[in-house]
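According to TrEMBL, the protein has these features:
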COMPBIAS  12-25  compositional bias 'Basic and acidic residues'
DOMAIN    52-538  domain 'K+ potassium transporter integral membrane'
DOMAIN    558-743  domain 'K+ potassium transporter C-terminal'
REGION    1-34  region 'Disordered'
REGION    138-159  region 'Disordered'
TRANSMEM  86-107  transmembrane segment
TRANSMEM  176-194  transmembrane segment
TRANSMEM  223-241  transmembrane segment
TRANSMEM  248-269  transmembrane segment
TRANSMEM  295-314  transmembrane segment
TRANSMEM  326-346  transmembrane segment
TRANSMEM  366-386  transmembrane segment
TRANSMEM  423-442  transmembrane segment
TRANSMEM  448-468  transmembrane segment
TRANSMEM  475-498  transmembrane segment
TRANSMEM  504-521  transmembrane segment
Amino acid sequence: MSGGEAIPDNPPADREPPSELESGRRLRRLPGHGGRHDLIKDGVGWGLTARLAFQSLGVVYGDIGTSPMYLYASTFSDGIKHDDDVLGVLSLILYTLTLIPLVKYGFVVLRATHNGEGGTFALYSLICKHARVGLQGQPTIEDEEDEEDEDQKNEVSKDAREMASRLKSKLEDSQFAKYALLVASMFCAAMVIGDGVLTPCISGVYKLINKASWFPSEEEETVVGISIVILIGLFAAQRLGTERVGSCFAPVMCVWFAINGGIGLYNLLKYDPSVVRALDPRYIVRYFSRNGKEAWISLGGVVLATTGSEAMFADVGHFSVRAVQLSMCVVVYPALVLAYLGQVAFLTKNPHLVADAFFKSIPGTLYWPVFVVAILASVIASQALISGTFSIVQQSHSMGCFPPVTIVHTSSKSPGQIYVPEVNWLLMVACVAVTVGFQTTAGICNAYGMAVVMVMVITTSFLVLIMVMIWKVNLLLVVSFVATIGTTELAYLTSVLYKFPQGGYLPLTFAGVLMLIMYTWSDVQRRRHHYELHHRISPDEDSIGAGATTHQSLSRLPGIAVFHSDGDPAPLHGIPPVFKHYVANIPALHSVVVLVSIRTVHVARVRVEERMTFSRVGPPEMRMYRCVARYGYEDGRRRSGESGHVAFEEMLVKVLMEFVRANAMGLELVEEIEVIQRAWDDGVVHLIGEYEMIAGEGSGFWKRLLVDWGYSLLGKIVWRRSGPRVFDLPCSRTVRVGMTYQL
């Protein structure tokens, strides 16, 4: 990682502490805090890239890698009616596989990562970084400088600059556009999470139901039961972490792709090498001319060749861009092309076997070994969207669009490798419910196709905005991108919408429920943000004292009061409203008051000397300070044999004294140090703000429904995760201060 400006240990008293976004960026530039993405970006660590590419095979590509098992059966559900139909479908598959997974996701979408993370919210946050379209904040000065530098580096043309400026202005001036972008991000994220439910069902169940010949058809319930046991085992393994899971699954997927490529090449040479003529796009035209509406409907089966493409972007945070590109270009794409060519070569001689083309095309002596690997690959196929779901939930929460959840970082080398227990078990329950509810895979395939294509279309829409406004790509290239990839995806979308009654409603139902949760949480959090900004009090003695009751002055109590802010933004710009509420009801303050805001930054560890930054609140005689404490996700917040709160309190007082020594002189320094030392000897009290959100007077029915019922219900479910519980604060020295926000 390149060197850069470090966060000063003791910023001047008149300087505001850096914002959370700014501090995160600065920490990421510090030597020794680099992640995988920085190493790859700087052009070093190719050994690491190769290892990550190998691991990505077991996590990212299981879904798209198992599509050859059922694609032709889904496309030709009524059998092959014309000899050239298989060539028309093969041509569709080859061009779709090249345009969407390889070109769009492999070389275009992966360029649009934000801080090394992928997914819809990464695209949304990237747009918000370069334009004031976010509902909760504005881009920082550093963002604008980055944009300017990018322009100079790429030598952007004047026309591209003007077009980007016009688009940026229109987005910033349109309130509808701001809400549309946020809602589209939520919808796409919800659809990907819905994919996380459907993928294990279709991949883990499909071949067990259709190929387990040792079970008679009337005992299909037994097969479903076995599938459920396998699904439960898969979700139970998630706690091991992406690195371990990927390392275990990657060898299996390597064998699987080798089998697909090898058998495909064998069938191609044995049955009909001339099927490569399907590279001629005229076979697509003839296929549609010959079959009309039936050909259009069959697109719902062809699109299954792209399932799992969105996982390349959603899971990139677990690995790196170059690792995902390397595995795609070297292993996955060539193996899939050979697999599809080989199956069509087999079908030209055996069209009546289209319902089971994959397994019937396996040479007899290899059948059972391939079958065993196929079952393992089918189970592994679920991993891509499960890992992607974890990343998307984390991004949604960081954007204020998802309730608090437990984020477990499973690797010290990559901040993107995470495990979310609550989401994992909820996904498992949903997968089991879908498997039991559908019993067969026909409806699940219809549902899955709709989820995949909708995510692709929304991603393309966001990508066009990024190409024009941020990358400032030539208009001709943008039009070409939309005309080829955009129209292709829209064609597939119209086809899968036709199957809405046959199961396509399922992902929309999932997305609707998730969107309701995300929008409710996001909207109330945004209202809370504005409430705190409008009701904060300025850090001066008169404003602080104004909170006390009339004709009373603030009394000072012995000891240190650590007022936790619950990670709210207000303490970085003023004093939170709950502090005024506390003073108004208890007109007394401890001799030393520290307003603490704890931040978890996107690095493994933060150096001890950079962990806490202080600034003064009010005049020196008030003895009030603001502290921003930054911790990496692997920082140990306690010493061996010591309670977490003890280590935190000792560090807090130590850094506070260092700050005072650097910003005070003479008698003032001596007096202030004595006050702090005496307060430390008297003990520390922790005050935690707790908040209740209610709709304000005169609110309409929908606002009351949203705030008083929806948010209140979510708050009761997740209340145990609110507040700074990371230090196991002692109950005897913890005071909770409740306040009601009338939004």
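Glycine residues also receive a Cβ, built from the backbone N, Cα and C atoms like all the rest.
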Inset, instruction - Examine the transmembrane segment (248-269) against the transmembrane segment (504-521) and state whether at least 3 Cβ pairs sit under 8 A, considering only residue pairs 6 or more apart. - result: no
Legend entry - Outside the transmembrane segment (475-498), six or more residues from its ends: residues with CB under 8 Å to it: 96, 99-100, 103-104, 108, 159-160, 163, 296-300, 302-303, 446, 449-450, 453-454, 456-457, 460, 463-464, 467-468, 504
Inset, instruction - Summarise the model confidence on the domain 'K+ potassium transporter C-terminal' (558-743) as a single mean pLDDT, whole number. - result: 78
Legend entry - Proximity verdict for the transmembrane segment (295-314) and the transmembrane segment (86-107), three or more C-beta pairs under 8 Å: yes
Inset, instruction - Could you give the residue numbers and ranges of same-chain residues that sit at least 6 residues beyond the transmembrane segment (448-468) on either side and whose C-beta is under 8 angstroms from one of its C-beta atoms? - result: 100, 104, 108-109, 112, 120, 123-124, 126-127, 163-164, 167, 171, 181, 184-185, 187-188, 191-192, 194-195, 198-199, 202, 300-301, 303-304, 306-307, 309-310, 313, 475, 477-478, 481-482, 485-486, 489-490, 492-493, 496-497, 499-500, 504, 507-508, 511
Inset, instruction - Take the transmembrane segment (504-521) and find every residue of the same chain, 6 or more past its ends, with a Cβ under 8 Å from one of its Cβ atoms. - result: 183, 186-187, 189-191, 193-195, 197-198, 396, 400-403, 430, 434, 443-444, 446-451, 454, 496-497, 706, 710-711, 714
